[in-house]
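Look at TrEMBL and you will find 261-352 tagged as domain 'Transglutaminase-like'. Feature annotation from TrEMBL assigns active site to CYS269, HIS326, ASP349. The annotation Ca(2+) binding site is assigned in TrEMBL to ASN389, ASP391, GLU437, GLU442.
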Amino acid sequence: MAQALDIDRWNLECEFNNTDHRTDLNGIDRLIVRRGQPFSISLYLRSGSYQPGVSSLDFVAETGPQPSEQYGTRASFGLSASIDTSCWSAAVTSPPGDMVALSICSAPDAPIGRYTLTLGHSARIEFILLFNPWCPGDAVYMDNKENLAEYVLAQDGIIFRGAYKHPIPTPWNFGQFESGILDVCLRILDMNPKYLKNPGKDCSGRRNPIYVSRVLSAMVNCNDDKGVLLGKWTGDYEGGVSPMLWRGSVEILRNWDTQACQPVRYGQCWVFAAVACSVSRALGIPCRLVTNYLSAHDTNSNLVIERYVNENGELLQSKEMIWNYHCWVENWMTRPDLKPDFNGWQAYDPTPQEKSEGVYCCGPTPVRAIKEGELTFKYDAPFVFAEVNADVITFMKKKDGSTSKVSSNALVGQKISTKSVGSDAREDITHLYKYPEGSAEEREAFKKADHQNKLLQQQQNQGLHLNIKVTSDMRKGCDFDVFAVVTNNTQSEKKCRLLFGSCALSYNGFMGGNCGFKDLLNVELSPGGERKVPLRLNYSKYGGQITEDNLIRLAALLLDYTTGDTTLAVRNVVLDNPEIKVRILGEPKENRKLAAEITLQNPLPERLENCCFSIEGANLTGGGIITERLGPVGPGEDAKVKIYFTPTHSGLRKLVVDFDSNKLCHVKGYRNVIIGK
């Protein structure tokens, strides 16, 4: 007859297991393991010894408040001769004696979350179970070591902002392994409305990365729930902080957790996406942040953005807009609910824009489905397809109320970007979302998507061509010229009127004050002739108008007197902030104090007040933020501070720096630091 083991005490071997399961950066004071991979625990017996074939031990693994075998949130199993990695199993790996070494494995499709494991009648242990992208049986399996290092283990990264012609890399501290962050991520799952309504069913759903991604897409914003961030895109940020302030996700997640799940104020698209990336990686889902330049916001699902200008060529505000850029995230997983070609990267977007199934969330939808025009595939493929493919039609609204069509070659979905694996360079992934423009495959995708406008479009070679040229060196604080270039491709003389204006712009398309304007009533062009018209942008004029986005919208409107045709050219330019220089003093070593000298030169023709440097870095600044305030800094002078910090883990880390003042807001910089053992 089988004899139950009489367990006295046990050792969860946290350091060995967490290191083996690549969770040791979360700490080694508790057991955190990944599904489908064995872990070891040592049992010390009160009496008797383990005898193969005679001794028995029953196990019950449970997660959630209503564990049930039907929901897959409770599993009962006994000792086997060897581990079976396809299901919950346990085996003894030590010789007979009073110390029993156990190997235990969870199912590769077990729900993730907090577990209790009962051994026999007396022992009860707790552990956290995560997705396992190293396990071939897991839906999030990724078979490339470099990709796993980047998309699961990297605690910092680069977000591309700026403009389509001038992408600007911004550093970000994802910090998914910082102290307490994993607990916050599990709390996010427990605060979601589906869990509050039916916790048993929700915990069962946590076996599926599609379900978890959709929950995160809704919970990172707070529009329908006790989500993490409140979005704000206009005006002042009273009662919170500017989205530009954040350097990483750690402070945001901790604030939400300590403030009783009240939303953190404020976020914009890259902040929503970065927090979603931190949570996905913390839970074990490979994730990357993506920027789509010239991103269309199509509110009525017709794949067409209708925009209106007045008679000066100034864009009139409307609900449907083209964002200068928009960020979302991609999670890596299989899609057993779809055809096999649609495994891999799935786009999901936590920025609240439009409702999906009654809730502000978007995705996950296969990136491949967007490329192929498969808009019936779950979830929210039409909205993402429009972001990268919508057509833009421009109308002029005249003073008498009438409208007329304006020809304009507006671009949408350009330079879709993400950080490269293993380097800070920009990787262009546009080809994963779109076929080459004008190709037969592109037409096929548009047919599937019923994108009639694009199918009907004929490229017209216009008689008059208009575009906007800029210089490469446009720094905040400087005066510079921009140019409208008009070319006459016809055989006859042309007389035209040219209106050339500029205004401040926020990255999501909202217009601000005038930064410079010119109206030329009599532009004459001979056949084949060209005219280059400059517009001077002076800091004294634009300095008080532009937002923290440093964006200026240039618009040139050309009216052909002979035909009455109007042509519009639009270009967004981003002004460069000064560079933050970071000098590391001494040799970076684990657990040894280190100094850094941080400098920024004031590029403005006026004094900077209320200057402040904020510095953070995963495993560098103790999970916190170093803040250094300094006195006024005159034109051309250096703002300079020296900081001290103690790295806790070896490897490549980013020291992320933010400089803020009254006139120069939230300038970002960083330095990669290689920490030795």
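Cβ coordinates come from backbone N, Cα and C, glycine included.
Sequence features, as recorded in TrEMBL, placed on the structure.
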residue: CYS269; record: active site; Cβ within 10 Å: 27
residue: HIS326; record: active site; Cβ within 10 Å: 27
residue: ASP349; record: active site; Cβ within 10 Å: 30
residue: ASN389; record: Ca(2+) binding site; Cβ within 10 Å: 23
residue: ASP391; record: Ca(2+) binding site; Cβ within 10 Å: 22
residue: GLU437; record: Ca(2+) binding site; Cβ within 10 Å: 8
residue: GLU442; record: Ca(2+) binding site; Cβ within 10 Å: 18
Count the residues of the domain 'Transglutaminase-like' (261-352) that DSSP assigns to helix (H, G, I), to strand (E, B) and to coil, and report the three numbers in that order.
18 helix, 41 strand, 33 coil
For ASP349 (active site), which of the listed recorded positions (CYS269, ASN389, GLU437) have their CA atom within 10 A of its CA?
CYS269
Can you tell which of the recorded positions HIS326, ASN389, ASP391, GLU437, GLU442 lies nearest to CYS269 (active site) in space, using Cα positions?
HIS326
Take the C-alpha atoms of ASP391 (Ca(2+) binding site) and HIS326 (active site) and report the distance between them in angstrom, rounded.
17
Between the Cα atoms of ASN389 (Ca(2+) binding site) and HIS326 (active site), find the distance and write it as a whole number of Å.
14
What's the CA-CA gap between GLU437 (Ca(2+) binding site) and HIS326 (active site) in angstrom, rounded?
21
